[in-house]
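As recorded in TrEMBL:
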type    : residues                                                                         : note
BINDING : B:Arg131, B:157-160, B:232-234, B:Gln238, B:294-297, B:Arg487, B:498-499         : substrate binding site
BINDING : B:Glu153, B:Lys333, B:395-404, B:Tyr406, B:429-432, B:Glu455, B:Lys489, B:Glu495 : ATP binding site
BINDING : B:Glu153, B:Asn155, B:Glu399                                                     : Mg(2+) binding site
DOMAIN  : B:223-330                                                                        : domain 'Glutathione synthase substrate-binding'
There are 2 protein chains.
Amino acid sequence: MAASMYPDYPPALTPEQQEHLVTSLKDWSIAHGLAVRPSPAFATDHTGVLATTAPVTLFPSPFPRRCFEEALAIQTAYNELYSAIARDEPWLKGIVEELVEVDDFIAKLWDIHLAVKKEGYAQDLSLGLFRSDYMIHFDPAAPDSKPEIKQVEFNTIASSFGGLSARVSALHKYLYGGPAHCLPSGINQNSFPPNSSLSSLAAGLAAAATAYGSPKSGSSRLAVLFLVQDVERNVFDQRLLEYELESKHGVCVYRLPFPRILTDTTLDPQTRALLYHPPQASSITVEITAVYFRAGYAPSEYTHPDAWLARHHLERSAAIKCPSVLTHLAGSKKIQQVLATPNSLHISSFLRDHAAAQRVQNTFTNIYPLDDSEAGLKAQELALDPESAKRYVLKPQREGGGNNTYRTAIPPFLRDKVPREKWKGYILMELINPPPLSNSILRNGKIETGGIICELGVFGVCLWRNPTGEDRRGEVLKNSEAGYLLRTKGRESEEGGVAAGFGSMDSVVLVDV
Amino acid sequence: MAASMYPDYPPALTPEQQEHLVTSLKDWSIAHGLAVRPSPAFATDHTGVLATTAPVTLFPSPFPRRCFEEALAIQTAYNELYSAIARDEPWLKGIVEELVEVDDFIAKLWDIHLAVKKEGYAQDLSLGLFRSDYMIHFDPAAPDSKPEIKQVEFNTIASSFGGLSARVSALHKYLYGGPAHCLPSGINQNSFPPNSSLSSLAAGLAAAATAYGSPKSGSSRLAVLFLVQDVERNVFDQRLLEYELESKHGVCVYRLPFPRILTDTTLDPQTRALLYHPPQASSITVEITAVYFRAGYAPSEYTHPDAWLARHHLERSAAIKCPSVLTHLAGSKKIQQVLATPNSLHISSFLRDHAAAQRVQNTFTNIYPLDDSEAGLKAQELALDPESAKRYVLKPQREGGGNNTYRTAIPPFLRDKVPREKWKGYILMELINPPPLSNSILRNGKIETGGIICELGVFGVCLWRNPTGEDRRGEVLKNSEAGYLLRTKGRESEEGGVAAGFGSMDSVVLVDV
């Protein structure tokens, strides 16, 4: 598609044009908080006061309008789906128990759920700030076929970049949305869709804070707690949400580093209200309405034994968790694989709207377990044949575990590096073939131009009440699409993620193909 | 005043409080564009992509409410006064001609006016974005006396920090305006006055763009031109104004480095419309409605011979200048001295409202020429006596010229370093005695705490029509107070200015004294 439709995209620039665009971008980004703390490799700063433009593309990337609109349109169905999974503890139990052996992280999370379940949950409400990530799939063998969105993963915890992403959309509109832009003709105001990520995610957190109701403890102060990592270069992405919550919704926010949970919070003995004791204001106690996890998602964060105690402590509390442990588990790779295993019927059992279920199903790429099930045996065949392996990526099943293996590297990897009894620790996923595109990326002050791959993330907000007693299904209280993120990386790199230093932020310019 | 009223200001902080405040400040500032490009001494950055928090106080500084309100209230009278001076060419001529011998810069500016006057001005409208700077004067010999504002200088060109200043006010309100602030009791929401500097200055430029009217040349594109220095660390202060103009007023802005005036602009032969040819868009021509000088104010910028040709070129043009050459001249130190010479009657001739004239007069500290006039002979006596010299500062009369000499250093300096025939190149100004205050300043990531001196700048917007033909007085079309700036420096330092690396930005917390 784009190769033929946009052979000259992005446009060639004169040195004066490039200088003007890059200067405009550098200044606008800092003036609008589109920033990160610099990596130590780029700038030495012992005082933590320097900032730099977040890695960003010089141009918005062309994206098929139909695909973009479909991705946004089905987000509420995805919210519904993952909320339903998180509410279906018996179903989750069946999946998780298969994993307990191979994935210690999943096992520990499940243990926390079991412990809190035994004691009784103190909070029925759950908040999900989700992000469903897609790439455009384009079948090179069928050049007349339409491009489609295919899901890469679904995030139920710490879905990041919602703060900065709205800014990137505004940046590209600022640079190119005016009358003097230098993009190909046919691109106009309508080509830059609005991006509500910042305001919508903040509205989601505000809805949770409101739904929490009045204080349960003696404290008269209520606040939302952002659980963060100790060192965070992507701090402005989080801060923008915080400022939006405070200025637009009057919701007070505190930031708590993950290692300080047990130091700075306690539970009210009667109500298990989560009480935060700010180290900077020892005389006050704040009751936490909602805990927003921007940390605690990766196994590597749980090396200290107290980390699991801390997670348990939060789960026990009466604060609304974003996400709860069950919601966190719902986002594991294994769930994605189970949903996307060919001929699975799970989707239609969770989503009663058949049309919506079908549209969600259409975004799946085939994912196979590598176990001894029927689908697993089929997968082993596909993975070991060098010809069919070309269309697949092999991923470790466990969360945060190791690197992916691609295409023809799969058969020798499985045969020579992985004992057969460990194969079930992997899944085989059909590769998505994104159309060839080019763009320029500004990172650490340097411009790099070349072939790129784009990944679209659609944010969703879902607030629900979990099943209690007689109520077997719970209830969805708020469900909305919440803007988008476009992340772009060099085509040769196979790993993504701006924070990891590989990718960059981008926005879409919609094209009709 | 403050020494007794605020013996414990700023409050002592626990390490946790300081850590929390400084982290909050560092993050908020970058997220809101309260930033500068780092100095090369602080951070090496060959790519120009790094930014850092603008030097800023950790706390707002106490400021007497009555003084603050008076300074803002008389700004429209000051706008009127300086606009009237700029419109009174015969009066200006009398002053300037005295200076031509000692000040080459003033002489060159005057020559430009004469040349354009001869040809005929192509634009009757003039815009002033002014800033009147004050310090609090407190007579230590009369401890019962009320603190008063005394003028330090009046700026008619490149009055900077209006963009960042609004952000500093918002920062301090964010840090301390809430219920959990740690400032002394008695400080509340009313203690943080609004600061409209950013929106008001942008509204001034927008008013000029509107008053310009429809295009005079064949071009259909109109824009405001920001004339800037080639290397500008304080770029975000300017950019914030630009973004405000574009987003709130739909006014397009271009930035032109001073050395590129003659390269990138031409005059329409018929109308002398100023035509800008953006190097990054060679096919378009933009007609400039207003030129906003953020460069071209200092003699050191005119070392290249083309610089004066360029200034003449702009002055000839039909664009509204902010400021015109006559307005620039009206802001020279000599004018301030003439107005503030004891027993001068100038103010009342320019300001017909006697009450307003008196209030303006009250802000003057005595300034004497060091010439052979009656006031000059009196001044020589005061300057040479070590006892009376203690109350004075000696300043070179010429713009941008050299350092000031303070107090007891004046008599030996005059006697031993300056030949008597050069004395008239200096003015003698009564020192202002600001009350002792303390604060902490964050600069380059480090916190320094100690005695400080504050300088309040009040912005003003004035748009007027110059006299033409029969009309001898012209007409003021817009006149408004436009927010404020508080700049704070260490008490031991005698020179100020954030951009120079000595001072920092601040905001007021109003106190009743």
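Each Cβ is built from the backbone N, Cα and C atoms, and glycine gets one as well.
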Practice task
Can you grab the distance from B:Gln238 (substrate binding site) over to B:Asn155 (Mg(2+) binding site)? Cα atoms, rounded to a whole Å.
Solution key: 17
Problem - Three-state composition of the domain 'Glutathione synthase substrate-binding' (B:223-330), taking helix and strand from DSSP - result: 44 helix, 28 strand, 36 coil
Exercise for the section: Round to a whole number and give the Cα-to-Cα distance in Å for the pair B:Tyr406 (ATP binding site) and B:Asn155 (Mg(2+) binding site). Expected result: 22
Practice task
Report, as a single number, how many Cβ atoms besides its own are within 10 Å of the Cβ of B:Leu431 (ATP binding site).
Solution key: 15
Problem - Candidates B:Asn155, B:Ala158, B:Tyr297 (binding-site residues) - the one closest to B:Leu431 (ATP binding site) by CA - result: B:Asn155
Handout entry: Proximal residue to B:Asn155 (Mg(2+) binding site) among binding-site residues B:Arg131, B:Tyr297, B:Pro396, B:Lys489 (C-alpha distance)
Key = B:Arg131
Problem - Within the predicted model, mean pLDDT of the domain 'Glutathione synthase substrate-binding' (B:223-330) - result: 96
Fill in the blank from the handout: Most Cβ neighbours within 10 Å, among the binding-site residues B:Arg131, B:Arg233, B:Lys489, goes to B:Arg131
Completion exercise
A correct count of other C-beta atoms within 10 Å of the C-beta of B:Asn155 (Mg(2+) binding site) gives 21
Problem - Shortest C-alpha distance to B:Arg233 (substrate binding site) - which of the binding-site residues B:Glu153, B:Pro396, B:Lys489 - result: B:Lys489
Completion exercise
Expressed in Å to no decimal places, the gap between the Cα atoms of B:Lys489 (ATP binding site) and B:Ala295 (substrate binding site) is 24
Exercise for the section: Measure from the Cα of B:Glu153 (ATP binding site) to the Cα of every one of the binding-site residues B:Arg131, B:Ser160, B:Ala295, B:Tyr297, then give the nearest. Expected result: B:Arg131
Problem - Position of peak Cβ density within 10 Å, selected from the binding-site residues B:Glu153, B:Gln238, B:Pro396 - result: B:Gln238
Exercise for the section: Look up B:Ser160 (substrate binding site) in the DSSP assignment and reduce it to helix, strand or coil. Expected result: coil
Completion exercise
What DSSP gives for B:Leu431 (ATP binding site), in three states, is coil
